[in-house]
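Colleague: Take a look at this one; I'll ask things after.
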């Protein structure tokens, strides 16, 4: 029973071919392409409104040098939200529950922000490792602690996204299993469990969107520190 709960997080394979590549390519096929018409459809208008508002909110604190990342981070935001929401559909697979995939997003982008900081303003970037006014005896200890915290950032990004989505999926599966088991035995209790399942499903939709937003927001904060 325990293993069956975690089977949903295994990458599906059909005829020996992993289907995770199909799951990663599917979001880009769902979004309509912009047109050259003066008036767009409602879906295109809503999509443009969302992307414009998100980009404004994320990049408002950044200077002009950070605005070059707008297309990359906005695309990543839409991609993660779509993957997270598609994973809530029945008989689907959520690629963002895999820590390896999330780290593949987090590590290169975090490393790019660090390299930009070291190249453009090395003194300021290295100054984050040692707060001003630190006693002499604490200087080696603080440098080690700040260095460790710097290298933990991409791990925290990936683990946060993986843990939140995995926990939500497990809660939904446990609650749905309890509903089916209790239905023939105690229908009133099963009805309450079904209401809880509905509330958990709505909460997981919110978590799927919020976690994608937090992932991109933290990357923008790391970028803000280094430009």
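Here the Cβ of each residue, glycine as well, is placed from N, Cα and C on the backbone.
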Colleague: According to TrEMBL, which of these ranges is transmembrane segment: 35-53, 168-186?
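Modeller: Per TrEMBL, the stretch marked transmembrane segment is 168-186.
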Colleague: Which of 12-30, 101-118, 138-156, 168-186, 192-223 has the most Cβ pairs closer than 8 Å to the transmembrane segment (69-89)?
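Modeller: Highest pair count goes to 192-223.
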Colleague: Considering only the recorded stretches 12-30, 101-118, 138-156, 192-223, state which has the highest number of Cβ pairs under 8 Å to the transmembrane segment (168-186).
Modeller: 192-223
Colleague: Tell me whether the transmembrane segment (192-223) sits in contact with the transmembrane segment (101-118), defined here as at least 3 Cβ pairs under 8 Å among residues 6 or more apart in sequence.
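Modeller: Stretch pair touches.
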Colleague: Counting only residues 6+ away from its ends, which parts of the chain sit with a Cβ under 8 Å from the transmembrane segment (12-30)?
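Modeller: That would be 78-79, 82-83, 86, 92-93, 95, 98, 101.
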